[in-house]
Amino acid sequence: MDDATRALITHAVNNQQQSTVTVLSSLLAVEDAIGYIPKEAVDSVADRMDATINDVWAVATFYPNFRFEPPTEHRIEVCWGPSCHVMGATAIIAAALQTLDLADEGDTPDGKATLRYNTCLGACAHAPVIAVDHHLAGRITPETARAKIVASLSADAHH
Ligand code: FES
């Protein structure tokens, strides 16, 4: 871990604005700052909160949304909420899994992208919906989902 990341962790843990600082709020602050919870962050939160390392791990692993590995470059979210489900989310998920060479949500084998299922991306009127690198796309089809995912993965070549 580099010093800059270490500094971001310390800053996140020690500069929380809310009046009640908890183990969970501290972990969320770290996740917001660097996108995952490294071991160093667990140590730092334990220190700040006067908790044991085990207590902090217990909270961290209880919440399914924390990552323990650095984030990948691309994030693909497929909505499978009620509206999207009715409008064909199952086929969209299948297309996304196949395009990313995955059997379930998670990181791709090459570590470039992360697929997540979402219970509502907040655009139900446009179902089915996906978000590729935080850009929402509605009325998606398996073909357009595949095209958007491929486009985002190959966008790397330009920067
Ligand atoms: S259910 Fe998919 S965007 Fe709301």
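Yeah, the Cβs are placed from backbone N, Cα and C, and that goes for glycine too.
Annotation comment: TrEMBL describes Cys79, Cys84, Cys120, Cys124 as [2Fe-2S] cluster binding site. Listed in sequence order, Gly81, Pro82, Ser83, Cys84 are the same-chain residues six or more apart from Cys124 ([2Fe-2S] cluster binding site) with CB atoms under 8 A from its CB.
Sequence-distant neighbours of Cys79 ([2Fe-2S] cluster binding site) (same chain, six or more apart, CB under 8 Å from its CB) are Ala89, Tyr117, Asn118, Thr119, Cys120, Leu121, Ala127, Pro128, Val129, Ile130, Ala131, listed in sequence order. Other Cβ atoms within 10 Å of the Cβ of Cys120 ([2Fe-2S] cluster binding site) number 14 in total over all chains. Cys84 ([2Fe-2S] cluster binding site) is surrounded by 27 other CB atoms, counting those within 10 A of its CB over all protein chains shown.
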